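Pulled from Swiss-Prot, these are the features on record:
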COMPBIAS  1-20  compositional bias 'Polar residues'
DOMAIN    91-341  domain 'ABC transporter 1'
DOMAIN    786-1029  domain 'ABC transporter 2'
CARBOHYD  ASN265  N-linked glycosylation site
CARBOHYD  ASN1017  N-linked glycosylation site
CARBOHYD  ASN1371  N-linked glycosylation site
REGION    1-36  region 'Disordered'
REGION    1076-1095  region 'Disordered'
TRANSMEM  450-470  transmembrane segment
TRANSMEM  484-504  transmembrane segment
TRANSMEM  530-550  transmembrane segment
TRANSMEM  597-617  transmembrane segment
TRANSMEM  702-722  transmembrane segment
TRANSMEM  1135-1155  transmembrane segment
TRANSMEM  1166-1186  transmembrane segment
TRANSMEM  1215-1235  transmembrane segment
TRANSMEM  1251-1271  transmembrane segment
TRANSMEM  1279-1299  transmembrane segment
TRANSMEM  1317-1337  transmembrane segment
TRANSMEM  1402-1422  transmembrane segment
Amino acid sequence: MFDTTKLQSSTQDGSTSSVTGEPIFGANDPNSELNPSSSHFNVRAWASNYAKVTLEGGSQFRRMGVCFQNLNAFGFITPADYQKDVANIWLALPGMLIRNRKRVNILHQFDGIIRPGEMCVVLGPPSSGCSTFLKTLSGDRDGFFIGEDSYFNYEGISDKELHTAHRGDAIYTAETDVHFPKLTVSQTLEFAAQARCPREIPQGIPRQQFCKQLKDVVMGMYGISHTADTKVGNDYIRGVSGGERKRVTIAEATLSNAPLQCWDNCTRGLDSANAIGFCKTLRLQSEFFGQSCAVSMYQAPQSAYDLFDKATVLYQGHQIYFGPADEAKAYFERLGFECPSRQTTPDFLTSMTFPEERITRAGFNPPRTPEEFAAAWRSSPEYKALQTDISEYKTKHPIDGPNAGVYRELKKSYQARGQRIKSPYTLTYMQQVQMCMRRAWNRLVSDPGPTIVVTMGNFVLALIMSSLFFNMQPDTDSFYGREVVLFMAVMFNAFASVLEVMTLYAQRPIVEKQARYAFYHPSAEAYSSVLMDLPIKVLACVSFNLVFYFMTNLNRTPGNFFFYLLASFFIVLSMSGIFRFIKIPSAAFSRTVQQAMIPASILMVFLITFAGFMVPINYMLPWCRWINYLNPVAYGFESLMINEYAGREFRCSNYIPFDGTPGDPNVACNVVGAVAGETFVSGDAHISEAYSYDAAHKWRNIGIVIAMTIFNYTMCFITSEYVSAKKSKGEILVFRRGFVPKNTHVNKITDDLEARSLPVTKIVESPEGSKEKVGGELQSGSTSIFHWRNVCYDIKIKGKPRRILDNVDGWVKPGTMTALMGVSGAGKTTLLDCLADRRTGIGIITGEMLVDGKIRDESFQRKTGYAQQQDLHLETATVRESLVFSALLRRPHHIPKAEKLAYVEEVIDLLEMGPYADAVVGVLGEGLNVEQRKRLTIAVELAAKPPLLLFVDEPTSGLDSQTSWAVVNLLEKLSKAGQSILCTLHQPSAMLFQRFDRLLLLADGGKTVYFGDIGENSSTLVEYFERKAKHPCPPNANPAEWMLEAIGAAPGTTSEVDWQHVWRTSPEFDRVQEELSRLREHGSQSNSHDSEKSETKAVTYHGEFAVPLWTQFVVVIERVFQQSWRTPAYIYSRFALCGVVSLFIGLVFLNSPLSVRGLQNQMFAVFQLFAIVGQLVSQQMPQFIIQRSLYEVRERPAKTYSWKVFMVSQILSDIPYYALASVMMWALWYFPIGLYKNAEVAGQETERGALMWLLFLAWLMWVSTFGHFCISFSETAEAGANAANFMYVLVNFFCGALITPNQMPRFWIFLYRASPLSYLVSSMLSAGIANVEVTCAANEYTIIDPPMGQTCYEYLRNEINTIGGYLLDNNATENCKFCKLKYSNVFLSEIEIEYGTRWRNFGIIWVYVIFNISAAITLYWVARMPKGHRKV
């Protein structure tokens, strides 16, 4: 709660504190009202003293007003859009190529003045232009344009200068809350204080101390001091509450110290008490510091409105009033409108924009359309007075006049020494970097888990991987092992930073917001992030490479080891720079992190392939050789190879002939680079002949890698500074193609700019399409009475018990609406959850909760509707489909499908959703607006036709007054149809409050203060509270607000009365107890008979679910397939990844020859395919999370369908797309490489071609089910991806491609046997290269001379007959060219692959698929399903 107890009284009487000229923070005196840490802290006293001290010290506050004239704003829209799916997305390509845009005017001729120290409230319904107006004033104008003749004057500062050189002096604060979730509230706000801390600080207080204490002041000001050490959190990470997070957002903007502040619906999510406190704080800032502000508010309380100096009313982009706030009501009354009794002034002003709500006075003919209202305004005396005021302002403050120079000098005095005067930032660049580094350190300390996990993971992986090549000896048998080790080291170091893309993508909105506040350059944050990551990268690099280097016995000399570490570290840095660089443009063109990851994934494959190991330089095709030149991994790998081999000689392990005498001139070592007659092989010769590496390139390559690193980071900083993330479009209704209703037309008024949570789409319905229909089924509401007595809810916090609900009593009867109210934290939602039997958290619930005198059975949850505060819906479904889904699964099985569908249409008519029944739900920003979503939330519950009652949690929260009125209209209509409704409310207006029949009021601690009728004009309620209240309810007061003031629950109020005791000793309480006793004893006799009679047709209606499992499965699997089909970005990004990578590999290994190296290349072509598994898995996880969130939060508690159906349908949904992808990958990979030619040579083209496709199919099925296995038990997609990556690294390295089974230590053979990829590699290589002859390349022959008088064949006959191979010329007598392989099956046998096991291995892969499915279902039940008393 805002700390306004003392602020309120001092604001009302206009007095100021007597405390002046004292230490601005009270000298840390615990009893000083200037000390923010004191219990006596007084915000107004502190502000007064701070202003006094500042002015006495010779400093001034920057003050800024704004004058605007003839302000016009416009944007461009495209023709009517439709929902894209996998099939019709191609139809949109012509529209993408041909820009057919239409200009739409958003703001029409706005005029006004907001002087320094003035507050202006901006009123208007959704789509009226409030957001665009505030963005225009603050300079946040992405996505729309300002008319050339628009005039702006900021106290002599031009519009262009303000929004460049003084950008942070006029800020726009949106209603969304974006913060680093792992930072505490204190750290978040202290950072903001530091970013805008002035150069000269009063009383010589040290900078750090000043920022800390100023942060404490603001936290005390907004009532969040108790959250100082609590993490901010977000929707997924536990932290402060939603209301507290909103106040953190407000506090951060306050600390920006901007002279002009534009607040866009920043009170959303706050109750009226906190909204009033927020406005009072703005009033205090304006009064003492001269700050001016413009604030848009929905459901503004009267006491908040009274704090504003000026008001402007907007109506569909037209300004219909601008002037003194206390004269606005009189202006519209003179136009001919009447303000109803107890309607607040802001509600009255906003009602001018709703024809059905404004009341015309008798004898008047007032304006009706927005244009008529605007014309009336421009012809009014008030408008003429405004124009006169504007003319005087222009004369007094000419552009670039004396005032502008004064402001510039004042701003310069605020900036740090060395900062440019034209810079919008307060601190210098290096100060910004240092500040961001401190924040990065705080983020690391607050969340050390990832760093520890990465370090330990690196260490463990190093142990496992290096143990495969433990203690390699300096002989030629270790050549391949050393090359694999160095390749693995390079790959690990290079791609250790790939997940940085996800982290940086997530923080981009935070960085862009704070850059708009002029806290720091985005590049400064990027620079500090790089610097702060250096120690972490060093730690990660050392933890892996230290173990890896010495366990594998690489070149053990100090110089070579430290060179290895240096090269590895720069490889890490260079690749980190690349991933950071490509992240920025990816974010600019991508809506999701999964799409942004695709370029990184494809780049990984390119860099791995052209690192120089899998495809040596002399094997690279000319068309793609350039990739190697641009590849930092390739330069790093060459340097590490040179570091390992150069200047060394390796003892020969295998000779040709094998029985020859070492050192004999007719005997040669059987490796590339050997010289006949030598017993050692030169490392330089080996890498030169095998890889075309030159020892002179060792340090040159490091220089190139460093240069690339500098270039990559430079580009990263540049793009961070100038490239913004992709903005969402404005809200428009999107229909399925061909489903736009014929009797409606979509009028896309306004903007891509009102991209708030409110509509920019207006549905205009034809007269013949409008109906007032309440169907017969809807009229037959529930007959049962739900009642509860002595309900308590107890939990333990830090081992101490705490009671959340304290003996709550009440009932809900058919045909009535009961309001559940109370202060924040009173337990309203908790009570609703307990009554609805949906409380899954820890805690003990006691008390009676009965239906017609009977205990709730397991069918209770599906027989009640629960419209939650969060509007959770599947974004790809239409409104009608959402209702049909609920009706088919939640209504009893014996009811015909046609009847269920007909009832859905009745619900659509009742809720007046016909015009957008076939519109797609979408997401906030692109789809249904807030009101439409709220209607859909209620409609989904009604479609289930709950026979008992409907729970509704905060249906009006965050809505404007007119939308709230419409929602309550809906609830009242349902109530009149016989529905029982229990609804929580946040301090409604008087007119809204009177719509309810009964009230249950809770105080702190969940204690009942009142339960009973409200009465006509709230008379019954008022009469009860006036018995003990200090003051009676004034005639024009809002009874809901007066009631809270009476019990001491409103800001600045206290009460010495124990209202719970008053209630429990009142006659009303006794009557409640008597009625509860009567309901318990006689309720079942009067109400249960009819319900039992109606349900005798279906015994299962009393069961957990309304329909059988098979019916559940059919309906759910259809929706899951539908979701995938209507998410073309998800499907085509998967196809693009599969297609591009497989084609790339196919072309890189185009017509791979049947040489020794060619066989290795074809094996690597198989191994390269596996590089995309991680990305394929991470792509499907967010889709799963979307469905799972909806299921666990809404559908599972409602007993809509079984968890088994959910899991099976999710797993099956990917099969068709992976089946298509398998065909594409097979064709683009199998034929370019030339594997079909091998099958033709062997005469098995049909069988082996078909087997290869089946292997692709089985592999992709394994990938899909492996992803579900990993995400089934994980909380987030990121956690699932990390689990998948760790397991996949093990599966991949033990598949037998890089290291063969006979080279593995015996201990690790079990992992080779357990890896599904080992069976896949075996079958794919069998189908691809078995049963063909091998022809060595020129550099693969071992050349020796036979003894005098012998031919080559005579000399090497035993060698050929024993180990195989062949001679290029059997009859040659010198330069015998011996190839160690003649048949590919010998190559396969060396890696323990048998052609005869190909089909068996294919079957084993399917066993792993079945295992993944079983494990996914089992782990979901173990990790995610509530058990025992928590079962819902």
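Note that the numbers count up from 1, one per residue, in the order the chain is shown.
Backbone N, Cα and C define each Cβ position, glycine as well.
Mean pLDDT, taken over the domain 'ABC transporter 1' (91-341), works out to 87 on the 0 to 100 scale.
Neighbour density at the Cβ, taken as the number of other Cβ atoms within 10 Å, is lowest among the glycosylation sites ASN265, ASN1017, ASN1371 for ASN1371. For the transmembrane segment (1402-1422), the partner stretch with the most Cβ pairs below 8 Å, chosen from 450-470, 597-617, 1135-1155, 1215-1235, 1251-1271, is 1251-1271. Among the recorded stretches 450-470, 530-550, 1215-1235, the one sharing the largest number of Cβ pairs closer than 8 Å with the transmembrane segment (484-504) is 530-550.
You'll find the Cα of ASN1371 (N-linked glycosylation site) roughly 92 Å from the Cα of ASN265 (N-linked glycosylation site). Tertiary proximity for the transmembrane segment (1317-1337) is limited to same-chain residues at least six positions away from its ends with a CB under 8 Å from its CB atoms, namely 1153-1159, 1162-1163, 1166-1167, 1170, 1230, 1233, 1235, 1238-1239, 1241-1242, 1244, 1248, 1251-1252, 1255, 1258-1259, 1262, 1291-1292, 1294-1297, 1301, 1368, 1377, 1379-1385, 1387-1388, 1391, 1393-1395, 1397-1399, 1401-1402, 1404-1405. Listed as Cβ neighbours of the transmembrane segment (1135-1155) (distance under 8 Å, sequence separation of 6 or more from its ends, same chain) are residues 598, 601-602, 605-606, 609-610, 615, 620-621, 623-624, 1161-1162, 1164-1165, 1168-1169, 1171-1172, 1175-1176, 1179, 1217, 1220-1221, 1224-1225, 1228-1234, 1237-1238, 1329, 1332-1337, 1340, 1384. Take the transmembrane segment (597-617) and the stretches 450-470, 1166-1186, 1251-1271: counting Cβ pairs under 8 Å, 1166-1186 has the most. Contact count against the transmembrane segment (1279-1299) (Cβ pairs under 8 Å) is highest for 1166-1186, out of 450-470, 702-722, 1166-1186, 1215-1235.
Nonlocal intrachain contacts for the transmembrane segment (450-470), taken as residues 6+ away from its ends with a CB within less than 8 angstroms of a stretch CB, comprise 444, 481-482, 484-485, 488, 492, 496, 536, 539-540, 543-548, 551-553, 1282, 1286, 1289-1290, 1293, 1299, 1303-1305, 1307-1308.
Most Cβ pairs within less than 8 Å of the transmembrane segment (1166-1186), among stretches 702-722, 1215-1235, 1251-1271, belong to 1251-1271. Long-range contacts of the transmembrane segment (1251-1271) within the same chain, counting only residues at least 6 positions beyond its ends with a Cβ under 8 Å from a Cβ of the stretch, are 1169, 1173, 1176-1178, 1180-1181, 1184-1185, 1207, 1210-1211, 1214-1215, 1218-1219, 1221-1223, 1225-1226, 1230, 1235, 1277, 1280-1281, 1283-1284, 1287-1288, 1316, 1320, 1323-1324, 1327-1328, 1398-1399, 1402, 1405-1406, 1408-1409, 1412-1413, 1415-1416, 1419. With a cut-off of 8 Å between Cβ atoms, the residues of this chain six or more beyond the transmembrane segment (702-722) that come close are 511, 521-523, 525-527, 530, 566-567, 570-571, 573-574, 577-578, 580-581, 584-585, 632, 635-636, 639. Distance between Cα atoms for ASN265 (N-linked glycosylation site) and ASN1017 (N-linked glycosylation site): 30 Å, as a whole number. Among residues of the same chain six or more beyond the transmembrane segment (1215-1235), those with a C-beta under 8 A of the stretch's C-beta atoms are 1121, 1124, 1131, 1134-1135, 1138-1139, 1142-1143, 1145-1147, 1149-1152, 1162, 1165, 1169, 1248-1249, 1252-1253, 1256-1257, 1259-1261, 1263-1264, 1327-1329. DSSP gives ASN1371 (N-linked glycosylation site) a coil state; it is part of no helix or strand.
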